[in-house]
Amino acid sequence: MAEENHTMKNEFILTGFTDHPELKTLLFVVFFAIYLITVVGNISLVALIFTHRRLHTPMYIFLGNLALVDSCCACAITPKMLENFFSENKRISLYECAVQFYFLCTVETADCFLLAAMAYDRYVAICNPLQYHIMMSKKLCIQMTTGAFIAGNLHSMIHVGLVFRLVFCGSNHINHFYCDILPLYRLSCVDPYINELVLFIFSGSVQVFTIGSVLISYLYILLTIFKMKSKEGRAKAFSTCASHFLSVSLFYGSLFFMYVRPNLLEEGDKDIPAAILFTIVVPLLNPFIYSLRNREVISVLRKILMKK
């Protein structure tokens, strides 16, 4: 009996979205289609950038890594979610929870820094085009990309490590479609104040620094666009920036709501819509927002299709 109770403390049940059979089938089809489009779209973009020397520039190196991160995000969350739609055993161990959150936190943190790097790259290209190759060298690009993944790993290690200081002795039902860290805090029998404080400080710092970099870069870009004499060039540049900024706003807005709001352990029912945005919707939209509006990518795709 003691062993069974101990097991219960370290296993959780993901309640997911709904228990209605009709809705389960519909949601499964929708999320499976989104998953396929997300993975195929992002991996295709990575392959396209990797195999064509014409795209081996800082802008596309960042874009390729962003696509890789988005596909990893989908793979970390969606398979288990799809399995749970029809599985009677929706259990997940504490260690599986830790692994799932580790990968999610790593890729989302890397995503933040990559978006900041991409915004800086566009700032240099539009505001200082003559100095682009000096200010945005391949060496700096590689350093920024590597730094994004190192920061992601360190950030996730801190939070995952602190999870193991908690004790779970009450309910083991997680009202979520994946094992996020906030529901674990709510189930803890030990006061998670330290975990909550560390999450607020580190997540807040990452997001404030990266969104600040993005906003400053886009502010300078907009000022430069408004100074353009060509109305056509101004409209094209503004249209591209607007679509990029929409993706950034959805991503950062949902992350801020999830992890940087006051009283993190309250309002658990509102976590799921925000989580859907940054784990499912944004990875789906990014390859289309960043590539289908890009002349270089479209040009390479046309050449490939013409050869076939």
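Backbone N, Cα and C atoms are what each Cβ position is placed from, and that goes for glycine too.
Swiss-Prot assigns C127 and I221 to topological domains of the same name, so the membrane does not separate them in that record.
Of the two recorded stretches, the transmembrane segment (272-292) lies close to the transmembrane segment (55-75), with three or more CB pairs under 8 Å once pairs fewer than 6 apart in sequence are set aside. Distant neighbours of the topological domain 'Cytoplasmic' (218-237): 119, 122-123, 126-127, 245; these residues of the same chain sit at least 6 beyond its ends, with a Cβ under 8 Å from one of its Cβ atoms. Packing against the topological domain 'Extracellular' (76-99) from elsewhere in the chain are residues 10-16, 24-25, 27-28, 31-32, 34-35, 38, 107, 160, 163-164, 168, 174, 177-179, 184, 279-280: each is 6 or more residues past its ends and has a CB under 8 Å from a CB in it.
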